[in-house]
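Enquirer: As annotated in TrEMBL:
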type	residues	note
DOMAIN	B:20-135	domain 'Thiamine pyrophosphate enzyme N-terminal TPP-binding'
DOMAIN	B:210-344	domain 'Thiamine pyrophosphate enzyme central'
DOMAIN	B:406-553	domain 'Thiamine pyrophosphate enzyme TPP-binding'
Amino acid sequence: MENKTYTVSIYTENNLGLLSRIAAIFLKRHINIESITASPSEVNDVMRFIIIVNVTEEQIKKIVGQIEKQIEVIKAFYHTDKETIFQETALYKIKSEDFLDDHNIQDFIKETNARIVTVTREFFVIEKTGKRHEVDHLYEVLKPYGLMQFVRSGTIAVTKNEMPISGILEKFNTTNSIS
Amino acid sequence: MEVKTASFERRTTEATTKVSGAEAVIKCLLEEGVDTIYGYPGGAIMPVYDELYKYQDKLHHVLTRHEQGATHAAQGYARVSGKVGVAVATSGPGATNLVTGIADAQIDSTPMVCITGQVGSHLLGSDAFQETDIVGISTPITKWNYQVTRAEEIPEVLAKAFYIARSGRPGPVLVDITKDAQFASLDFSYKKCSGIRSYKPFPEVNLLDVERAAEAINNAKKPMIVWGQGVILGGAESLLKEVVEKAGIPAAWTILGLSALPTKHPLNVGMVGMHGNYGPNMLTNECDVLIAIGMRFDDRVTGNLEHYARQAKVIHFEIDPAEVNKNVHADIPVLGNVKETLKLLLELLKPNKHEAWHQNFKDHYNIEFDKIIKNDLNAERGKIGMAEVMDEINKCSNGDAVIVSDVGQHQMVACRYSKFNQTRSNVTSGGLGTMGFALPAAIGAKMGAPKRDVVAIIGDGGYQMTIQELGTIFQTKVPVKIVVLNNGFLGMVRQWQQLFFDRRYASTEMTNPDFVTIAKGYHIKANQVTERAQLKDAVKEMMESEEAYFLEVKVEQEENVFPMIPTGAAVSEILLE
């Protein structure tokens, strides 16, 4: 089986230590995490992790099984790129003089829908949100001008299909409620 | 701060009593029905020990001689009793010494709660004296863990700890409690945990899966069962027996499943795996339907997966969804507690006998008997063999003893030759293969099943890894029987060196002390057998002893355990010599 990029979405309780518990599952299998983000989800008090890994489908199935087994994980899913809508954000800090003197960059930024976030006498900060290759492309364009700093976020993604988390939690509340 | 793992229990306005965090720990243990705990005091857990002093009439604390011993004792207690074992240690080295036992309990699904003291919360992260990040360290080897920094959290966290440890597929839980949380006071009220919203102990049973399984079994010509510890953990021993008898299916066991079905049951065809019996290993690759019940296809069971039961339709009865298709593809997975699923299955099974197929197992047994077993039990050959010792123990115990084995050759021999009449009788470290397990585990086993004889079978290597627990035996007067099968070698490693490393015995020969003198130093009755003629009487004397008894048997130095599936070979490539 060939390696593919998979997006793992994990809905969890907001508990200390869960990040390392989930990361340990990858570490134990010697699998490198391409990116990881954690944020609140659409459900109150429920966190959502997005982890990107490059593995076989057989591997990702087993990993998701191990993740779901963790006590504070409500549900975990894996998806291919085709099944998700995903974005990354990057920030590029460049010297103001480079930026002001070169019309090519200005044009390029306009073309790529990048955004200027901050302007000072010394530097500009440009933000680009998009697919990995778009973010990387802008990086290549700006690199010759001497990037002062560059940072890229982890991938964030939503799935095309519905995520039945609210249903799962609802079921718990209705079948077990003690009020 | 509320514990954020949402559970069913809500805060109530019930009558409470004001107690310290440390006293709350003890009260929680009592609420959970704990009567025996194993541990070792130290700075960061002292408030809890101070409370133990007050409660010593209600809670028996066993002072082991090392924290590792406390975990194994708790495991032994849990394995024979089915209750949650409890181990207590201080911070830092006390906590890190628990790690081996926790890892062992995790891989062998043993319910255990470990409570560790931690430095005061204001010192966390300051590299304080005896500070270690035990929550971080234990994360990959616990079912759940939690650090308590406020006294108010203690009842809810411990209620969860016990619920998680014992429910579903059991496992170890660690609760780390800062010293200030032990000193601080809280309004104590206790409610047992009955559910956690993000945790589903039992997957829902799909009746359709059970029906498909029943159909496959009913149509099978050569069905074979391999059962594991899930049968014992699920309390499904009698159901297994009914299934086996109704459908006439030969049934084999993994070492953790051993004793769920009596050894002498006619359809019990022995052990699978690396040193298992010839028949069940060979016929794994001939059966048409392989019914796996509460087992996880460990590599020591399957050998080379490419050549494991490829011809068979595999039915996997399993509580843990992550185990299905992990190592072996299940054609028909049946999720759920086996106590539930086997009951449903039993209704749907058609009575059958499979006599010719069963005869096949008997024929294989006869081959194994001629080539191996006869010789293992042969009282004519030179030095005493390990199997002979087990045979003598069987004769005295009539199969009613709990056998606690360590790890290595003697473990394989103990599992192969022990006779068992009742469940929860075989205690051994299976998944982790922890040398040093047996002596402390036997202490816990005897306390968990005080009316039963508990015999620890240990090699001379593993014995010396936790030999200090003789002190615990002396102090508590727990009447365990200890058999050291002394071959002067780390026997299993030596066997591999002989077979696969051209007899280069690197660091496997042991210069051993006088074990009898050591036992006597702890005022434990002790005896040594060097000649076969002494064996029978010595074993009898040990088995009849009312108090703890140590028996060293000098066995054949270079005996090998056969049959054997070499690493990387198929189960059907099992060697008889």
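Keep in mind that glycine also has a Cβ here, set from the backbone N, Cα and C atoms.
Those TrEMBL annotations? Automatic predictions, nothing curated.
Since we're looking at a predicted model, the values are computed, not measured.
Set these features in their place in the structure for me.
Expert: On the 0 to 100 pLDDT scale, the model's mean across the domain 'Thiamine pyrophosphate enzyme N-terminal TPP-binding' (B:20-135) is 98.
DSSP places the residues of the domain 'Thiamine pyrophosphate enzyme TPP-binding' (B:406-553) in helix, strand and coil in these numbers: 64 helix, 27 strand, 57 coil.
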Enquirer: Please list the DSSP helix, strand and coil residue counts for the domain 'Thiamine pyrophosphate enzyme N-terminal TPP-binding' (B:20-135).
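Expert: For the domain 'Thiamine pyrophosphate enzyme N-terminal TPP-binding' (B:20-135), the helix, strand and coil counts are 56 helix, 21 strand, 39 coil.
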Enquirer: Could you tell me how many residues in the domain 'Thiamine pyrophosphate enzyme central' (B:210-344) are helical, how many are strand and how many are coil under DSSP?
Expert: 49 helix, 28 strand, 58 coil
